[in-house]
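Here's the structure, in structure tokens; my notes come after.
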Amino acid sequence: MENYNQTSTDFILMGLFPPSRISLFLFILVVLIFLVALFGNLSMILLICLDTHLHTPMYFLLSQLSLMDLTYISTIVPKMASNFLFGNKSIFFIGCGIQSFFFLTLAGAEGLLLVSMAYDRYVAICFPLHYPIRMSKRMYVLMITGSWIMGSINSCAHTTYALHIPYCRSRAINHFFCDVPAMLTLICMDMCVYEYTVFVSTSLFLLLPFTGIACSYGRVLLAVYRVRSAEGRKRAYSTCSAHLTVVTLYSAPFVYTYLHPKFLRTPTEDKVLAVFYTILTPILNPLIYSLINKEVMGALKRVIQRICSVKM
């Protein structure tokens, strides 16, 4: 590891790519994924706002998911790209805190929002007559605001703690963003109590939501199994499996990183796993949840036709 000035209060981000011949190719690939994720999520937000047919609880929740993913990937990739291009790996102490705060807020809020989306589909399929009552405007607004608030409170607690403990080793973080587990490796005090709080937070914001999502889709699949239409069953199975795949790709690396004992992990492992929930998930969500949806594609055609008719 390079020698950095340890008297500075800034942190050093070692980055995602080790010096190699393919590092430039990997960097270009990440930038392309970032641009596609930005376009996909921004398109979803605009489409849901512009088309009245999509003004339903499900798509309102989807618009929030796209907003979270848009902010999520923008919190991580631009700084990483800037460090790679200009060779300046430092990040201000307060900048590291801000990045960590937004990352943890969005990570926690997205986990809770995914539960709300699974519950929405569960009610829509298993209790269609009760759907307007159970998923009223007040209910889904509470779901969204609750996700943001709870994610912010959890993030504020962890970020404040991480920034107020003494760092007695090198300030070089072996990661491509200010991830709290990576920052804690630079601390020489006993972290047993804090690691317990990380376990509790991860359980509340990732393990329990994932269990709830799996149960919701399990009930949905059981309800669909009783449907006589083979086409309906096939479409439901396809949708549920796609949604569960995205949720698993998001939750599993998170849970492994935050619950696995740090002495059993390597920095390379942490960085590779972090790519799944910081870079790949934001591009998969608009594809899986939205852009392959027939209603969304119909709305896209209507909006394009409307724009073309205005130009003429």
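Cβ coordinates come from backbone N, Cα and C, glycine included.
As given in TrEMBL:
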type	residues	note
TRANSMEM	24-46	transmembrane segment
DOMAIN	40-289	domain 'G-protein coupled receptors family 1 profile'
TRANSMEM	58-78	transmembrane segment
TRANSMEM	90-119	transmembrane segment
TRANSMEM	139-164	transmembrane segment
TRANSMEM	203-224	transmembrane segment
TRANSMEM	236-259	transmembrane segment
TRANSMEM	271-292	transmembrane segment
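With pairs at least 6 apart in sequence, the transmembrane segment (271-292) and the transmembrane segment (58-78) have 3 or more Cβ pairs within the 8 Å limit; the two touch. Only residues 6 or more beyond the boundaries of the transmembrane segment (90-119), in the same chain, are considered here, and those with a CB under 8 A from a CB of the stretch are 8-13, 58, 61-62, 64-65, 68-69, 71-72, 75-76, 79, 83, 140, 143-144, 146-148, 150-152, 154-156, 158-159, 162-163, 173, 177-180, 183, 201, 205-206, 209-210, 212-213, 216-217, 243, 247, 250-251, 254, 277-278, 289.
The average pLDDT the prediction assigns to the domain 'G-protein coupled receptors family 1 profile' (40-289) is 87.
Among residues of the same chain six or more beyond the transmembrane segment (236-259), those with a C-beta under 8 A of the stretch's C-beta atoms are 107, 110-111, 114, 118, 121, 125, 179, 181, 198-199, 201-202, 206-207, 209-210, 213-214, 217, 220-221, 224, 227, 265, 270, 273-274, 276-277, 280-281, 284-285, 288-289. Proximity of distant same-chain residues to the transmembrane segment (139-164), defined by a Cβ-Cβ separation under 8 Å and at least 6 residues beyond the stretch ends, is recorded for 57, 60-61, 64, 93, 96-97, 100-113, 116, 120, 180, 183-184, 194, 197-198, 201, 204-205.
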